[in-house]
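J.: There's a structure below that I have some questions on.
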Amino acid sequence: MLRWGVMSENIMRIIDLRGQNLSRAELLAAMPRAAMGTSEATDLVRPILDDVKERGAAALRDFEEKFDHVRPKNLRVPVEAIKDALTTLDPEVRAAIEESVRRARAVAANQVPKDFYTDLAEGARVAERWIPIQRVGLYVPGGKAVYPSSVIMNAVPAQAAGVESLAIATPPARDNEEGLPNKTILATCAILGVDEVYAVGGAQAIAMFAYGAKGSEPQDGDILCDPVDKITGPGNIFVATAKSLVSAFVGIDAVAGPTEIGIIADETANPSLLAADLIGQAEHDELAGSVLFTDSTEIADKVQESLKYRVPRTEHAERVHTSLSGTQSAIVLTDGLDQSIDAANAYAAEHLEIQTKDADAVVKRIKNAGAIFRGPYSPVPLGDYMSGSNHVLPTGGTARFAAGLGVHTFMKPVEVIEYDEEGLKALAARINAFAVSEDLPAHGECVLSRFVKDPYDKATLREQEKEAGLR
């Protein structure tokens, strides 16, 4: 056990990139990452998915008893329990949640994409409509902490997108004899107006959303839960594996790994604040990644000293120490700001803080990050709770090609092709030529049939095209 006092040894390892002209592949390989084996998780999760698919609510109750050590009487939380949770919510916590919701809704309202159209010629238009996904399942994890903030981050953009049907699954609280979820989570659902909530966690919750679940007891009804079109929300490796396994036939936001922070800092940064920010992320999980990129050995040394003082004094000291001393965390020493930026882009952090003299200039050069936190007064916990931004972000380097959760996550763009007779007529001969070149003549014949008498008479086709005004 870690106790009050000052630690003697440095906590974080050093990765020294100075004096090295690394290729892109070498830079990617040098970044600190935890080894994430998924084969064992897959072997454990697949039978859970199959059992829920087959037995529905009966399997869900069995798995809740096995994994969460409680057998919920009502897998679907009664609406009265959701309302009651709000009446007993601490007023200060309620005010914080409501402010978070207000800010998240303001940002989400501006994220709603607009339909548009392009006129290419007379009678030739292509439009794009953004259509909300009809039914979405939102997963809110339990485990080491309670996450009402995850309810907000998932539900608010879905509501802004216009999703018709929202369902939330979250594990039952182990200290609740009835098997109800945490009351703060239920109260947050009440504030957001979400009343379809299930006391189901883990891989079994993902299975319920993906396949739906038939009832097994009278209170369940014939159908406990209808299948959804998309599943969003963070979770542990078993939740992530389950999402991956069902993603062939139901949409998912991402396969999320452990949370992570990257910080670019120069000699102007405050080392005590840097240490506090690294600790704040490490608090999430023993596998959480915390990485500092700096060209200042003085800053690196002072951060190590601050960590020695701070880590033993934080409540979850053992968890934090395990995370910061793990292979997924490091202080990366660079030759200068340019190399720090290159390394940060290679790392592609879920959260990237910029604590440098000219933060705006650095922000403009960031290509890969789930979210960017500019300056010392924009720490990651601000984004976790209250900034208005979304905290469901790509992890494990996937910010190189993926984005965080937003209104767009819950919508799909659909193109509408609107050509009239003259618009198609102007292209008919060219479409036919294109189709023939790909050995798909029926494609061309389909178009020509609208203008010529016999598109199959190749001997007279060119003449027919001329008579029809296609040439």
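Cβ coordinates are placed from backbone N, Cα and C, and glycine is handled just like the others.
Straight from Swiss-Prot, here's the annotation block:
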| type | residues | note |
| --- | --- | --- |
| BINDING | Y139, Q204, N236 | NAD(+) binding site |
| BINDING | T259, Q281, H284, H351, D384, E438, H443 | substrate binding site |
| BINDING | Q281, H284, D384, H443 | Zn(2+) binding site |
| ACT_SITE | E350 | active site, proton acceptor |
| ACT_SITE | H351 | active site, proton acceptor |
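Can you walk me through where each of these features ends up in the structure?
T.: Its Cβ taken as reference, N236 (NAD(+) binding site) is surrounded by 20 other Cβ atoms within 10 Å in the chains shown.
A sphere of 10 angstroms centred on the C-beta of D384 (substrate binding site) encloses 20 other C-beta atoms.
Every protein chain shown contributes to the tally, and the Cβ of H443 (substrate binding site) ends up with 15 other Cβ atoms within 10 Å.
E350 (active site, proton acceptor) carries neither a helix nor a strand DSSP state and counts as coil.
The Cβ of H351 (substrate binding site) lies under 8 Å from the Cβ of T259, E260, I261, G262, Q281, A369, G370, A371, F373, V380, G383, L393, each of which sits 6+ residues away along the same chain.
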J.: Need the DSSP three-state call for E438 (substrate binding site) to compare against my parser.
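T.: Looking at the DSSP assignment, E438 (substrate binding site) belongs to neither helix nor strand, so coil.
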J.: Given the binding-site residues Q204, T259, Q281, which one's Cβ is surrounded by the fewest other Cβ atoms within 10 Å?
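T.: Checked Q204, T259, Q281; of these binding-site residues, fewest Cβ neighbours within 10 Å: T259.
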J.: Find the one among the recorded positions H284, E350, D384, E438, H443 whose C-alpha lies closest to that of Q204 (NAD(+) binding site).
T.: H284
J.: Hey, of the recorded positions listed (E350, E438), which one tops the CB count within 10 A?
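T.: Top count of Cβ atoms within 10 Å goes to E350.
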J.: Could you say which of the binding-site residues Y139, H284 has its Cβ with the most other Cβ atoms inside 10 Å?
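T.: Neighbour-count leader: Y139.
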J.: Based on the record's binding annotation for substrate (T259, Q281, H284, H351, D384, E438, H443), what whole-number value in Å is the widest Cα to Cα distance?
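T.: Across T259, Q281, H284, H351, D384, E438, H443, the widest Cα separation comes out at 56 Å.
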J.: Residues other than Y139, Q204, N236 within 8 Å, Cβ to Cβ centroid, of the NAD(+) site?
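T.: Once Y139, Q204, N236 are set aside, the remaining close residues are P141, A169, P171, G201, G202, A203, A205, I206, G235, F238, V239, A242.
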J.: Give me the CA-CA distance between N236 (NAD(+) binding site) and H284 (substrate binding site), in Å, as a whole number.
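T.: Rounded to a whole number, the Cα-Cα distance is 11 Å.
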